[in-house]
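K.L.:
I am attaching a structure below and will ask some questions about it afterwards.
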């Protein structure tokens, strides 16, 4: 274990102890599980401990924690895994057992809908495990970990058994070991598993099977649906009595459990194994059927692919012009055909495509009827399908933006593909060969219903396109008529009909939806006429939904208005209010979907608001961000990560789905509502380093209210908590000293007060205080005080830290004092090649020196040599000096502050005190506007 730095213990079980550790070789935090020292001499238990690790290591699935290393020749034996922040399903269930009322956030976490999503992931994992010939044999909530970002992971493979192994390997061994040591473990010589989750035949000694794992899943599902056990075990109770199980809807009528789900769970809990599901795949399929719905479709229209009576064929289009993000050659031209008929409100399209058509790319679109003939066909929804190297990719496109993508490997010999597109109950689905590939929910009123097809060769469509209508839509929605008027921009007529619906359906879903669409109609009308009064009317209409069942729609509507007006602070505030106040309302899913769309929209336009929506999406819809998008986002954030002090001082990389990423996004966006949640999470984990990062961020953003309120809370927490002697990065006493320094800094107290007790601080905390002090001193014309601070702190940090973090401020201090010779001497500490490298601090510092000692034209010439696509905020002044200048719409809150500080120094060196002072005033008055 010498390779790892142990940070603290995070769990303890029957045979093992789990620690949070740091792996310096791979620069990452890991979970290290080792056998208990008092059991390490028992060869049988050691063999079983290693067997658990090897089974887990052989499984590759998102629902199984991968094993990094297994050390069987060390003493004690151990293995390592990724560290996942989260909690067990048992702890979540336990938090709501026998509770009469629940907080809103906990009620949402334990809703039937949320639990079904979790259970589906559990089934997927067990389905995979069974396909590998392995039985878990101890499935229970205590062995299911729920990550902070929607991960669902099955733990503890100590009882797992391969089908090739004899069950006697564990159950028929007689080992005499003190019973007190094994209160929390499966004991050799006894039936393996947890009795409350065992099938009746298993308790009678029958060997484990897939059916017994299915029974355990049934118990878990019953708990999820009812928040209680399917039976109550009493001493002396016979096994047969256990199966007097009540239906879930009878046990928990307030949970509104659908009868279908009740049938599913009762089948999984059948006393007779022959009456249970034959496989986990069958159980999972029924859960999917409930989650997705299974409508009956009736053929209505057949669109003959080459019949001009059915289609209007347009001139060939260059697809890369309209969909630049799609995988198409920029030189390829495609045929575009728009149907002459409009589809139904709930519609299914069926067609068969040749492989050749998919290799070239095929698009199916639902563009608005307005403007289709004038090049606006790409507005609306659609799917783009493309095969490359036996990988079939499906992209969901909205208004020209790719907002979702799914890719899977396909059979290289397959030549035809049956494809179905469904639009039903706000849900868009794409099915390929009867397998659902993509599902998306859209709740805004549809704008038109014509069908568009984009393909290189129409002959690649085998036969015709069949349009089917849902049996559920045979009764026309009362909203269809005003929706048609809205689609044709007949706003007053649409509003009149919507109001009639509101009056006819008071307190019902149809009435609330009509009220929401009145606001949409007013918004569209105001946007078309640039009518400021119209925007106010739209806001007033959305306000009528306040405190109703459809209350989330009030804030969704207001967010749409503020987005059109460019008032992004108010837009985000509206969305956040909906997400916080109404997290249990059914309509909240519409707000979540809109957040995800706005994230893609902002990223595509490179707008500064993208950081805020990335943060919101991580909180409310993390499952909507796939692995390739994660990688893309991390690439976009590379420069910001490099220029963030708390990231630089932490040698482990920033994971996308982590608390540190949330803090990073808060820091650069200036969006701080989630700091409280991060504070509470870090305190629960006793992660003092993370707490220091949070307070540093709040101080740098000028959030004095947070520091004043939560420094007191943290002090009280530390005072009333008994701390164990675990290994930690930063001690509680050091954190308290750091808080005192922060408070002195916010109160503008003396330098001695700010750095009082510095000799007791960790170097990380010293550098945090110095960075905050130096920025404040610089912008307020106290550059000479930076030198005093350097003299105070340099003896407590390493030479490398002094060079990297203190030297740039030392140069800036002498620039403020206009000591050109000293500045040049200090610049000589950098390699001269770094003077022209815009990723280096020396690049900008050299530009400042040129402005001070040489000529302004030379300074502008040097700084304008910065790459226009530079990703490093430290070089923003270079982009500012370039011929094209800088677009502030693309700068986040923190980037705008850094640019003001850089311009402040630059104009000071140029001797332009008027512009310099303007920068200082703007810096001091800079509100955290998005």
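Positions of Cβ are set from backbone N, Cα and C atoms, glycine also.
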K.L.:
Among 29, 33, indicate the single residue that Swiss-Prot lists for the ATP site containing 10, 11, 12, 13, 14, 15, 16, 17, 18.
P.N.:
33
K.L.:
Tell me which of the binding-site residues 12, 14, 16 ends up closest to residue 138 (active site, proton acceptor) in space, Cα to Cα.
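P.N.:
Among 12, 14, 16, 14.
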K.L.:
Among all the protein chains here, how many other CB atoms are within 10 A of the CB of residue 12 (ATP binding site)?
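P.N.:
The answer is 12.
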K.L.:
Can you count the other CB atoms that lie within 10 A of the CB of residue 10 (ATP binding site)?
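P.N.:
By my count, 17.
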K.L.:
Taking the residues 10, 11, 12, 13, 14, 15, 16, 17, 18, 33 listed for ATP, what is the greatest CA to CA distance in Å, to the nearest whole number?
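P.N.:
This binding site's residues have a maximal Cα-Cα distance of 15 Å.
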K.L.:
Relative to the Cβ position of residue 14 (ATP binding site), how many further Cβ atoms are located within 10 Å?
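P.N.:
For residue 14 (ATP binding site), the 10 Å Cβ neighbour count is 16.
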K.L.:
Taking the Cβ of residue 16 (ATP binding site) as the centre, how many other Cβ atoms fall within a 10 Å radius?
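P.N.:
Its Cβ shell of radius 10 Å holds 23 other Cβ atoms.
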K.L.:
For residue 10 (ATP binding site), what is the secondary structure by DSSP, using just helix, strand and coil?
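P.N.:
Looking at the DSSP assignment, residue 10 (ATP binding site) belongs to a strand.
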K.L.:
Out of these recorded positions, 18, 138, which one has the fewest other C-beta atoms within 10 Å of its own C-beta?
P.N.:
18
